[in-house]
Amino acid sequence: MILYTCFVLAVAASLGAFVIGTVLGWSSPTMTMLENGTAVSFEVSSMAAATACSLFGVGAVIGAVPAGAVSSVFGRRVSLIVSEAHVVFGWLMIAFPKAARMLYVGRILQGVGCGAMCTIIPMYVGEIAEPEIRGFLGGLYQLFVVAGILYSYVLGNFLNYTQLNLACGVWMVIHILGLLYMPESPYFLIQENKKVSAEEALARLRDADHDCKAELVEIQKFVEEEQKNSYTAREVLEKDVNRRALTIGIGCMFFQQTTGINAIIFYMKHVFEISGSDISPELCTTIVGTIQVVMTFVSMMITDKFGRRSLMVYSMTSMGLCLLALSYYFFSKKYNPHVAQTLDWLPLVTIVLYISMFSIGCGPIPYIIIGEIFSSELKSMGTGMSIATNWILVWLVTCLAEPMDKFIGPSGTFFVYSGFCFMGMLFVVNCVPETKNRSLAVIQSDLEKN
């Protein structure tokens with residue numbers, strides 16, 4: 001019953017991640033539509049189409065930075081509703097544009113809303129879940145992101161531009177209805193000194209036989225301990241434990257994106273087109289998207305069993321090896337075409353394995369970690385800075401993908417990404433603690449000791 005109740009409410013919050021996934025996956029099928037003139041009534045150059053896709057990252061940074069602070073003032077639930085409003089206006093501008101600038105503004109608005117939701121959803125789920133199932137529920141975020149990406153990939157194969165936008169936009173309505181059902185975070189209510197409301201919210205999150213009063217006392221003790229003094233941002237960062245937690249959160253997000261995942265997702269059809277494979281790019285993207293959903297679900301099943309840290313190490317090491325193999329293929333294609341012809345199966349296999357390994361570790365686990373390691377005084381700032389780092393790098397990596405492809409070729413590009421995978425593995429080994437099956441208070445205590 002505990003699992004069921006928390007699961008339903010975590011789903012209500014995490015549906016925003018499905019919306020984010022549809023926005024991320026939108027780029028792959030619509031790039032061709034925009035460039036060949038079948039999407040809109042005005043001409044869109046390849047540069048303008050690429051700019052529209054990448055501006056999403058700019059908006060996401062704008063939304064992510066203040067989202068933690070906003071949610072600390074207005075609550076997680078209200079903040080998520082406001083975030084979705086930005087996405088609503090963004091989809092309307094993209095679905096019915098009159099000029100390229102409407103595509104730009106629409107993508108920025110989508111980014112603002114999605115960037116804010118990226119900050120708030122892991123925070124909310126981390127606060128409502130019990131330690132034993134926090135990893136599972138935290139994995140819902142990434143599962144819904146990749147499910148949304150697959151949704152855009154599949155529908156983009158047979159819907160026209162306007163139909164695709166409307167089919168993606170309907171999920172905003174579903175998410176908003178879910179937000180109206182979910183309770184506010186008990187941690188936020190205790191911070192606002194609303195003890196009765198906090199107890200009512202906790203009762204909705206737990207089984208009838210659960211000792212809510214004892215858990216509420218623990219939450220109140222934790223919050224009071226964190227809030228007994230008023231801290232400025234400088235004072236918060238003067239504490240070793242907060243600097244360590246911030247380094248972990250930002251570091252995990254940095255290496256998640258510098259592995260090149262969003263460059264591959266945004267331009268996957270292009271990658272398969274230049275690979276020369278006999279399999280159609282549309283089929284390849286659908287296969288990869290399906291594998292990503294399946295493996296993310298597998299990650300949810302094993303995160304609380306094997307732990308966050310070990311899965312991250314395994315994930316990043318395997319991703320690095322996959323990218324090295326892909327780099328070798330494109331190197332052979334350029335300098336030894338006869339060898340490359342015998343390896344035309346390699347791009348699909350390596351990308352499927354790369355996406356699979358990303359989905360069980362490097363994809364979902366950073367979001368679980370940032371929902372666990374920040375103290376109350378650092379949570380808003382730390383979560384916002386971590387998510388902002390993530391989206392800055394989404395924009396930077398996707399913007400640099402085309403210039404890197406031009407100047408160092410696909411072989412060099414994938415080689416660089418593989419290097420970041422191995423550096424990320426070393427970062428996790430040396431800096432990231434294990435947090436499975438530990439309460440938020442125990443995690444803070446462990447960070448202070450170490």
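Using N, Cα and C of the backbone, Cβ positions are placed for all residues, glycine too.
TrEMBL entries are annotated by machine, without manual review.
Keep in mind it's a predicted model, so treat the numbers as computed, not measured.
Among the features that TrEMBL reports, domain 'Major facilitator superfamily (MFS) profile' is placed at 5-436. The feature transmembrane segment is assigned by TrEMBL to 49-71, 102-124, 136-155, 161-182, 245-267, 311-331, 351-370, 382-401, 407-429.
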> Looking only at residues six or more beyond either end of the transmembrane segment (161-182), which have a C-beta under 8 A from one in the stretch?
Replying inline: 9, 11-13, 15-16, 18-19, 22-23, 26, 29-30, 33-34, 38-40, 77, 80-81, 84, 87-88, 91-92, 94-96, 148, 151-152, 155
> Quick one: do the transmembrane segment (49-71) and the transmembrane segment (382-401) reach 3+ CB pairs under 8 Å, ignoring pairs fewer than 6 apart in sequence?
Replying inline: yes
> How about the transmembrane segment (136-155) and the transmembrane segment (351-370): at least 3 CB pairs under 8 Å, pairs 6 or more apart in sequence, or not?
Replying inline: yes
